[in-house]
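Colleague: According to Swiss-Prot:
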- His53, His55, His110, Asp127: Zn(2+) 1 binding site (BINDING)
- Asp57, His58, Asp127, His165: Zn(2+) 2 binding site (BINDING)
Amino acid sequence: MNLNSIPAFDDNYIWVLNDEAGRCLIVDPGDAEPVLNAISANNWQPEAIFLTHHHHDHVGGVKELVEKFPQIVVYGPQETQDKGTTQVVKDGETAFVLGHEFSVIATPGHTLGHICYFSKPYLFCGDTLFSGGCGRLFEGTPSQMYQSIKKLSALPDDTLVCCAHEYTLSNMKFALSILPHDLSINDYYRKVKELRAKNQITLPVILKNERQINVFLRTEDIDLINVINEETLLKQPEERFAWLRSKKDRF
């Protein structure tokens with residue numbers, strides 16, 4: 001399968017997987033126009049849409065795409081049932097698309113019903129996990145989001161993390177504010193800065209590498225623990241995650 005990213009709005013990415021026959025899967029189409037343009041340019045035949053959550057910048061293009069291609073099956077969590085979803089899926093279930101099984105993983109936090117889709121090596125994680133960061137907590141709690149990204153972090157090392165936004169540069173600036181002397185974070189920041197200066201995408205990222213540079217995945221790391229302990233003594237990784245998320249919200 002071939003992985004494609006379609007830029008949308010200011011910083012969204014709509015992901016598309018296509019097979020050799022030209023059948024394709026579209027993930028979180030917040031805007032139909034760039035997707036329709038890509039379909040036309042590549043002669044794709046849309047088979048399915050995956051929705052991760054109900055926010056408009058992830059579902060806004062569904063109606064127009066389905067009107068154009070009525071054969072599309074739209075998979076999504078319960079919270080997207082009024083956004084065009086025709087097949088509601090939940091944690092532990094699978095979606096069989098393009099000849100591959102995609103596992104559905106519940107990841108509450110950004111929204112309460114947020115889900116992700118995984119078929120090795122592809123992880124479509126919506127607004128749960130970003131390179132260098134994680135999603136804002138619009139509906140869920142820090143505890144829920146901590147457990148959600150912990151689940152994703154446990155996936156295989158070679159997982160390709162397909163996030164829905166280009167937030168990497170700002171996330172790495174935050175990471176540097178927390179761990180300014182970390183070599184991995186500094187190296188990755190320089191790489192990301194160069195890519196963004198050329199207006200190039202920083203995604204997808206390999207999960208093994210992401211674990212090294214994403215402070216939200218390093219809540220049991222001694223360097224991070226020492227930094228946090230300078231301000232407040234937090235014994236549990238979950239508490240340290242909440243501390244980081246609060247810092248990031250004000251960054």
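Cβ coordinates come from backbone N, Cα and C, glycine included.
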Colleague: In angstrom units, rounded to an integer, how far apart are the Cα atoms of His110 (Zn(2+) 1 binding site) and His58 (Zn(2+) 2 binding site)?
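Modeller: Spelling it out, the Cα of His110 (Zn(2+) 1 binding site) and the Cα of His58 (Zn(2+) 2 binding site) are 13 Å apart.
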Colleague: If you measure His165 (Zn(2+) 2 binding site) to Asp127 (Zn(2+) 1 binding site) at Cα, how many Å is it?
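Modeller: Answer for this pair: 7 Å between alpha carbons.
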Colleague: Give the helix, strand or coil assignment DSSP yields for His165 (Zn(2+) 2 binding site).
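Modeller: DSSP assigns His165 (Zn(2+) 2 binding site) to strand.
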Colleague: What are the other residues, in sequence order, whose C-beta lies within 8 angstroms of the center of the C-beta atoms of Asp57, His58, Asp127, His165 at the Zn(2+) 2 site?
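Modeller: Once Asp57, His58, Asp127, His165 are set aside, the remaining close residues are Asn12, Asp28, Gly30, Thr52, His53, His55, Gly126, Ala164.
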Colleague: Given the Zn(2+) 1 site residues His53, His55, His110, Asp127, which other residues of that chain have a Cβ within 8 Å of the mean position of their Cβ atoms, reported in sequence order?
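Modeller: Sorted by sequence, the hits are Thr52, His54, His58, Thr111, His114, Gly126, Thr128, Gly135, Phe138, Ala164.
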Colleague: Which one of these binding-site residues has the most other Cβ atoms within 10 Å of its own Cβ: His110, His165?
Modeller: His110
Colleague: Judged by the number of other CB atoms within 10 angstroms, which among His53, His55, His58 is the least packed of the binding-site residues?
Modeller: His55
Colleague: Sort out for me which one of Asp57, Asp127 has the most neighbouring CB atoms within 10 A, since those are the binding-site residues we care about.
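Modeller: It comes out as Asp127.
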Colleague: What's the CA-CA gap between Asp57 (Zn(2+) 2 binding site) and Asp127 (Zn(2+) 1 binding site) in angstrom, rounded?
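Modeller: It is 11 Å, counting Cα to Cα.
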Colleague: How far is it from His58 (Zn(2+) 2 binding site) to Asp127 (Zn(2+) 1 binding site), counting Cα to Cα, in Å?
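Modeller: One finds 9 Å between the Cα atoms of these residues.
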